[in-house]
Amino acid sequence: MGSKITDKKRKSRDSESESDDELANGLFDGILSQSEDEEDYLPSDDDDDVEDSENEGTGASEDDDDDDDDDDILSDDIPSDVDSEEAINRLVKQQEELEITEPGVDPKREEDDGADRNYRIEKDANGGERYVYDEIDPVYDSDDSDAKGPVNTIGDIPLSFYDSYPHIGYDINGKKIMRPATGDALQSLLDSIEVPKGWTGLTDVDTGNPLNLTQDELELVRRVQMGLLPTDLQDPYPDTVEYFTSIEEKMPLSSAPEPKRRFLPSKNEAKQIMKLVRAIREGRILPYKPPEEREREEEEQEEVHFDLWQNEEPQAPNPMHIPAPKLAPPGYDLSYNPPEEYLPSKEEREEWENADPEDREKEYLPQKHNALRKVPAWGNLVKERFERCMDLYLAPRIRKNRLNIDPNSLLPKLPSPSELKPFPTVAQTIFRGHEGRVRSVSVDPTGVALATGGDDGTVRVWELLTGRQVWSVKLNSEEPVNAVRWRPTKDAFVLAAAAGEDIFLMVPTHASVTPALDQASRDILATGFGYATNGQQPAAPVSKEPAAKWARPGTKLEDEGVLIRITVRSTVKVINWHRRGDHFATVSPTGQRSSVAIHTLSKHLTQIPFRKLSGLAQTAAFHPLRPLFFVATQRTIRCYDLQKLELVKVVQPGAKWISSFDIHPGGDNLIVGSYDKRLLWHDLDLSNRPYKTMRFHGQAIRQVRYHRGGLPLFADASDDGSLQIFHGKVPNDQLENPTIVPVKMLKGHKVVSKLGVLDIDWHPREPWCVSAGADGTARLWM
C-alpha cells in the first residue's frame, strides 16, 4: 500500500508540475473570475493533514528504496499501519464527495454562502426551480455608486494642529484618517513630468491627497473656456414661438371692463389749460398777429439814436510812458497776527536793534496784535513812499521788446507734396482669397505678377493689374507661409517661399511665361542636382549635422511646379536674394547659431556664416552694389565684408527692437523700422547714428522698403493699419543732405488682433506699391 500511495502521489506531483508549466506559459490566464473569494481556494486543515501524511509516506518509501545500504532506521521514522489506513480512508471519502457534488461547485462554500444569499429557491408550476430575490432595502448605503470616501469631520480646524500626529482627522464613524504617504524628491519630479489626467497641482486640505478633477469637471472647464453653455441639455437659440400672431385667438385675452379714465376728462390736462389761460389774461402770452400788422407796429415805434463818443476828450499820445513796476505783495511776516515761527526771539531782536540800518536784512520786525483795531499807524510810511518816488525818478527804466517768433518759421522749408508727384494715393486693386492673415507679398521683376503667402499655408500668384488669381499651391497645412520673394533677374521665373522649417523653390505657370522661359527656370533649379552628383560639392564632416537638406518635394508638388525643398533647423521668417540671383539669405530668429544661412542655388549648398551672434537675428540683406552683407539684431545692424570675411561697420539706430531695414539702391543710405514706432534714416558715410528720426505711426512699424526703379520713394507699414509714403531724394553731391518729405498716408487695411499692415513691396518701374494686411487682403496702391 505504501508503494501504491507513493506512485499516486508521484503522479499527482507530475500533474501539478505540468499544470504549473501551463500557467507559466499563460495558457490559463484570466480563467478565474475576480469576484471569486480567495478564501475558497485556500487549503483546509484536512488537506494539510493528508498532505503531511502523504509526504511522510512518500518520504518513507523513498528512504526504503534509495537507502538500502545505509545504517539502521529509527522506529519513529517508519509509518505505522494505522496511520496509513486513516490516510487512505480520508482520500476515499474525499473522492466520494467530489463524485457526488457537481463539478466546479464547492459544497462548503454553498453552505457558508447560504446565510448571505439574497434569494431563495422555490418550485414553479412545472416543478422546476425558480429563484425568488429579496426586496431591495432602499437605504442610503444601498446606492453606493456616488458614495465618497471617508470624509474628514474635524470641522473648521487647521490641519497644522495634526502635524505631530500620524493621522489628519477622523471620519464620520470616529476612525482615524491616516496621513497619506508622500514620495521623495525624485518621485515628486516624476509626478510633475508625467502629469496624470485631471491633475491640478493642488492638495485637498481635508485629506492631504492630490486634488484631481474628474472627466465631467474637465469637460465643464473646457466648455466655460470656449464660451459655451455648461451642458448640452440647453439650447442657446430656441425657436421663437409667436404666441400672439401664429395662433388665431377667438376669445379676448382680457375681458376686464373699460377703465374710467377712458371717458372722463383728465385733471392734469385741465391744470395745464388753466395755466395757459392765466398767462393769456396777464399778457405773458400774446395772441397771434398777422405779419403785416406786426410790421406796421414796428414801423410806428421811434428808433432812439445816440453818439457813443459824444463826451470823449482828446488825449495827447505819449509813447514814452512806462508804467511803474508793482510793489511786491506782503508776506506772512507783515500780518498783524503772524505765526509763531515768524516772530523774532529775544536774541534776534537785540541783534536787529544793534545792527546799522544799512546792514539789516529787513527794515521792520514782525509784531503780533490780538486784533486789527490794535494795530498802530506805520511810522515809516512817508519815508517808504519818498524812497519809492526817488527810485522811479532816478533809476533808469527801458522798454524791452519780446521776440514774437512764429514757430513755423523755424521749420525747414519743404516742397509741396503736389510738386513731388508721382506717388501712390489710392487703392486700385484688392486681392482677396487667403484665409487668415496675408504675411508677405512680392512683385516679380517684370512687374506683371504678384505673389502672396498667408496663414492658410498657400502661395498664390495674381495678375497685378486685374487682380485675377492665376496660380496657387498649398505648401503646408499646419504652418503659415512667412515669406515669398521672386528671383531678381529676368532670365528665369523662380519664386522662393518659406513655410515653417522648409524653403520651397518653384516655377509658377502664368500666361506671360513662355515655354522657353519656363524651361530655363527649371534648368536653373535642376543644375544643383547635377553638381552634387559630380562630386564637386565640398565634403562635410560626417559627425556634424548638415546645415540644410536639399531634396525634391514629392510628385504631387512637382506636378504643380514646386521643384526643390530645403529643410533647415528652425522656422524661417525672412528671405532676401542677391542681385545676381544665385544666392539668397534666410533668417530664423529662433535658430541661435544657425539663425542666418546663405544658400547657393547653382550648387545646392547651404552655409552658416556666423559662429555666434550678439543677439537674436531679425533680418538680413545683401548690399545692392558691393560684396557686403548686413545682419540686423534687436538693437544693432552689422555690416560684414564677404570677401575679406571681416566686420566693416556697426550701425546703431538707437531703437529698442529693430523689425526691418532696407538699403538704398545707391548703397550709401539705410532706413530702419522698429517696433517702438520709429522710422530712422541712416547715412552710412556720415555716421553710425541715425541722420533723421521720424514718428508718424501710433503702433509698431513692421516693414520698410525703398523703390528699386530709380524713383525717390520709400514707404513703411505699421500695425495701425496705415502706410506712410515718403519722398526721399539722395543728391549726387556729397555736401548736400538728403531731402525727406512725407507725402501721403494710405489707409485701407483693417486692424485684426492688434495687427495691421505686415509687408510692403514696390513695382520695379512704376510708382505703385503693394501691401499685405492682417485682414486677409493685399492691396495695390497707385
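For all residues, glycine too, the Cβ spot is worked out from N, Cα and C.
The region 'Disordered' annotation in Swiss-Prot covers 1-123 (among others).
If you look up Swiss-Prot, you'll see 35-86 marked as compositional bias 'Acidic residues'.
If you look up Swiss-Prot, you'll see 105-123 marked as compositional bias 'Basic and acidic residues'.
Here the region 'Disordered' (339-361) has long-range neighbours at 332-333, 367-368, meaning same-chain residues at least 6 beyond its ends whose C-beta is under 8 angstroms from one of its own. Annotation source Swiss-Prot lists region 'Disordered' at 339-361 (among others).
Residues or ranges marked as repeat 'WD 1' in Swiss-Prot: 433-472. The residues of the repeat 'WD 1' (433-472), classed with DSSP into helix (H, G, I), strand (E, B) and coil, number 0 helix, 22 strand, 18 coil.
Look at Swiss-Prot and you will find 476-516 tagged as repeat 'WD 2'. Within the chain carrying the repeat 'WD 2' (476-516), a Cβ under 8 angstroms from the stretch's Cβ atoms is held by residues 436-437, 439-446, 448-449, 451-459, 461, 470, 522, 524-525, 548, 553, 557, 560-581, 584, 586, 599, 601, all 6 or more beyond its ends.
Across the repeat 'WD 4' (612-650), mean pLDDT in this model comes to 92. For 612-650, the entry in Swiss-Prot reads repeat 'WD 4'.
Across the region 'Disordered' (339-361), DSSP assigns 12 helix, 0 strand, 11 coil. Outside the repeat 'WD 1' (433-472) by six or more residues, the chain places 478-490, 493, 495, 497, 499, 504, 506, 508-512, 561, 752, 755, 758-766, 770-778, 780 with a CB less than 8 A from a CB of the stretch.
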